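What TrEMBL records for 1-23, 674-728 is region 'Disordered'. The annotation domain 'SAM-dependent MTase RsmB/NOP-type' is assigned in TrEMBL to 58-422. Sequence annotations record features per position, and here TrEMBL assigns S-adenosyl-L-methionine binding site to Cys176, Ala177, Ala178, Pro179, Gly180, Ser181, Lys182, Asp207, Asp234, Asp260. What TrEMBL lists as active site, nucleophile is Cys313. Residues annotated as compositional bias 'Basic and acidic residues' in TrEMBL: 674-699, 719-728.
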Amino acid sequence: MGKRSRQRQKNQSSGVGRDNRDNGSWGAGYADIVKENQLFEDYYKELGLVPEGEFEQFMDAMREPLPATIRITGYKSHAKEILHCLKEKYFKEIQEVEIDGVKLEAPTPLSWYPDELAWQTNMSRKIIRKSPLLEKFHQFLVSETESGNISRQEAVSMIPPLLMKIESHHKILDMCAAPGSKTAQLIEMLHADMDVPFPEGFVIANDVDNKRCYLLVHQAKRLNSPCIMVINHDASIIPSLQVATDGWREALFYDRILCDVPCSGDGTMRKNIDVWKKWTTANSLHLHGLQLRIAIRGVEQLAVGGRMVYSTCSLNPIEDEAVIAALLEKSEGALELADCSADLPGLKTMPGVSSWKLMTKEGQWFNDFSEVPSSRHTQIRPTMFPHTDKDKLASFHLDRCMRVLPHHQNTGGFFLAALVKTAPMPWNKRAPKVNTHLSSLASRVRAMLVCVSHVCVSHLTPSAPPRPPPHKRKKMFGFKEDPFVFLSEDDPVLAPIQSFYDLSPNFPKLNVLTRSHEGKKRHLYMVSKELRNVMLNNSERMKVINTGVKVWSRNSDGEQFGCAFRLAQEGIYTLYPYIRSRMVTVSVEDIKVLLTQENPFLSKLQSKAHAQAKSLGMGSIVLRYQPNPEEPLEPQCPIELCGWRGKTSIRAFVPRNERFHYLRMLGVEVFRDKSGQRGAPREGGEEPKEGGEEPREGGEEVETKEDTEMASGDIVGDSEGKMESDQP
């Protein structure tokens, strides 16, 4: 990789604005950094982006710590149960807490986020450590975050996906995706209907930094979706992909694109305190070109009629309106700005500006490119200034851009613009279309080439256009991933699985893949049909870091029970609609037994579940809970758990944090004190009983045996069927 490429990758991967902005602050550190930067104040005061009379409020807000925000995962069927638990238990109890004689403010919902699924709190880590009740709340957040049910994400970072208007059939590209909180939102929106295991749409999440891609994988994997693929490319030159449609290979265009570009990050000063001392106008000048290249590459791959949201956590017009104006001018009418001002009622924003100036780090101002000396033309470009043609500038409607100012709703600073593509980009109109029929491709190539004495002569008709030389295969950098190998319909692995679980005839066998060409298949994964299409037709074009949700894991002792693969909890919601056997219907009391006892006997289940379990042979099973509308105090959402039917016992195979999640839904709380020991004393000073491994109802807090045995998702073996770890 050349010097320029390395610098470009460094800019994309380490831009201040993208590094940590997706994770809400919890009031940590930086006490000795002085929150002063005179150049910053002079610059934004002169630009006039802040309404008259509000600049002091703006600066005061920038110096205050950023409130923490959490978002409840919207597509999970039990999002309402989590919200109910938060509102009725933790938030109510927090209202009664006093710290140093001052009552705490309870968390409040973000007024503009749908269905009260996003909340904000001013509690810092320091305050949390002062109260056992707040420590319980913190542990709840950590556990639910690991389970994928809650995401700790900055408020303004939640806005771009909401403006994209995602539908379940949309093909989505997230160009600069790490660390992945926005990507998680996109996945949730695809899975709005949980009864559809494989939405027609998918999310391709890209990042230039190989290491940050694994952070992205971690975020995405919490959602257990078969419709997400993580790739590793420079966003400004991200490859064009192809898909097979009705026997023809065509270019892939995306319905929605999120273009959240690297930026100088001066909107994150409340959280990234070191920006105060590092900020200079030179940061924006250095990033403007990269931001424009990424945005151009994005709209090139956008389908006509599609929507791309461009966003930064910078308030600087050089990174914001200047990029949008340059993009609109280059599009020659193929793009237009959408008016999103009414899309999120309750969100306070400022309209985009059509006039701005440029300042160097030495404090020198330029109103127009004609004023810039030639010695600075390599650093300062014409696209950084407003268009000189006032009529053309007005036609851009830059006022439809949106800028979020920190003092208006106690948030970070942010900029957004939604672009709609109305026609192909002008430079794409003349490009040849990729339109190759797959069945005839090989025969056509053979007919065109005649090899004589090891010399290939191309037989082209006189009217055929000259073809460019073949592209060199791109060299991929970073860790070499294991292969993604799709199984054939007649793969011998699938027959016993089909029989053992009585999979329905419409089960998509071709969507099953593994991660090795040779040897025993350890895990089986599934992707959607559309992602399979993308992978099979672009293996040489893109570097895939991760895709697929794990649905089965090999069990070394399983073959004696009829199937060598047991169900994996990660993929149970994907597989469940196709499974017609090996199911046990359980009640709330049954789930409590299964999640709090290591290896309960079958006799501990209630009569219905006991009878169903006894009728099944040994091996992997599905434990299914159906809500009862006549019992409003019980969970009102379906629950599917993986389990194992032993000779005389039964158990659930659920990772620790998910186990805690389901127990909380059932009214059982599990809490560990700061030393990692059993639960803290109950109200009134009463200590829990010795040897209390099992959580009890009524808000009692004790530590389960699974708290240690199931740490990090490890699985403990059944005496009748030894299980290997469920980890990859």
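Cβ coordinates come from backbone N, Cα and C, glycine included.
Unlike curated records, TrEMBL annotations are generated automatically.
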**Prompt:** To the nearest whole angstrom, what is the C-alpha distance linking Cys176 (S-adenosyl-L-methionine binding site) and Cys313 (active site, nucleophile)?
**Reply:** 13
**Complete:** In whole Å, the longest Cα-Cα distance within the recorded S-adenosyl-L-methionine binders Cys176, Ala177, Ala178, Pro179, Gly180, Ser181, Lys182, Asp207, Asp234, Asp260 is 20
**Message:** Can you give me the Cα-Cα distance between Asp234 (S-adenosyl-L-methionine binding site) and Cys313 (active site, nucleophile) in Å, rounded to a whole number?
**Reply:** 20
**Asked** Once the chains shown are all counted, how many other Cβ atoms turn up within 10 Å of the Cβ of Cys176 (S-adenosyl-L-methionine binding site)?
**Response** 28
**Prompt:** What is the average pLDDT across the domain 'SAM-dependent MTase RsmB/NOP-type' (58-422)?
**Reply:** 92
**Cβ-Cβ neighbours of Gly180 (S-adenosyl-L-methionine binding site) (radius 10 Å)** = 29
**Prompt:** Between Ala178, Cys313, which of the recorded positions has the fewest other CB atoms within 10 angstroms in the structure shown?
**Reply:** Ala178
**Prompt:** Just checking, which of Lys182, Asp234 (binding-site residues) has the fewest C-beta atoms within 10 Å of its C-beta?
**Reply:** Asp234
**Asked** If one measures from the C-alpha of Lys182 (S-adenosyl-L-methionine binding site) to the C-alpha of the residue listed as 'active site, nucleophile', what distance in angstrom results, rounded to a whole number?
**Response** 13
